[in-house]
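Just below is one structure, and these are the notes that go with it.
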Amino acid sequence: MIPGALVLEGGSMRCLFTAGVLDVFLEKNMNFEYVIGVSAGSMTGMSYISRQPGRTKDVTLGFVKDSRYLSFRRLVRERQIFNFDFLFGEVSHELVPFDWETFKQSPQRFVAVATRCKTGQPEYFEKGICSDIEAAVAASSSMPILSRMITIDHRQYLDGGLSMPIPYEQAMKEGYEKVVLVLSRNHGYRKPPISRLHQKAYRRYFGPLPQLLDSIEAIPERYNRMEDEIDRLEEEGKIFVIRPPRPVTVSRLERNRKNLEALYREGREEGEKRLEALRAYLGLI
């Protein structure tokens with residue numbers, strides 16, 4: 001077990017890059033003691049903890065055009081574009097079985113970050129401690145407007161990326177000196193200001209939740225500040241970052257299998273390419 005933290009950014013379909021990196025880690029027995037994920041990063045992290053290389057790719061490529069999994073009609077009918085009941089139900093138990101036993105018994109710590117709707121603040125749900133880790137991962141992955149709020153212990157939650165897009169600071173607070181980030185955007189990427197159209201939509205949907213709305217409207221500033229800090233920490237050798245080597249053209253709701261598979265392969269290639277430097281950073285060589 002590597003006495004370090006693995007931090008997984010979200011990005012919906014862009015996390016196929018992350019899946020490629022993590023599959024290389026699994027194949028090379030790079031098992032981190034602490035894993036924390038946001039949004040799709042938390043979902044991708046689950047198959048890393050369950051020791052199932054290829055599973056995230058198989059699920060995404062296998063069902064991306066299946067209306068039971070992703071459907072714009074469902075967004076209109078049920079206010080959710082992804083069907084988490086199908087994903088955690090039929091997919092995880094029958095179609096592409098998830099190894100729940102290995103996941104639950106793993107000594108690795110696993111944390112999913114979700115945003116509490118009432119406060120607009122991040123909350124951290126740890127495997128083996130929280131009441132429902134499935135619901136926590138679903139909440140962490142529930143994009144605003146495109147998904148319904150998820151209720152956990154009578155509290156409502158949405159996407160962790162709304163309040164904590166890259167939780168490297170949480171890993172440091174846990175006392176880890178070796179922190180590895182897998183990001184879904186290339187070096188130098190910064191979020192543009194929220195468009196007026198999106199601002200209007202957010203204010204319409206989340207007006208009754210002013211603290212959540214404030215958190216959403218602060219996303220670009222928060223994200224860009226974190227990226228600046230990540231660049232500084234990486235340059236100082238305090239953290240290790242793996243990210244796409246070039247701008248990612250895959251969208252959050254990408255449905256083109258060739259594009260998704262290419263992004264997965266790029267993740268694998270980058271994982272292999274950075275492996276020796278990563279081992280040196282971790283003191284393994």
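Placed from the backbone N, Cα and C atoms, the Cβ positions cover glycine too.
Unlike curated records, TrEMBL annotations are generated automatically.
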With the ranges 37-41, 97-101, 122-126 to choose from, which does TrEMBL describe as motif 'GXSXG'?
37-41
Tell me, how many other CB atoms lie within 10 A of the CB of Asp159 (active site, proton acceptor), whichever protein chain they belong to?
26
Protein Cβ atoms within 10 Å of Ser39 (active site, nucleophile), excluding its own:
32
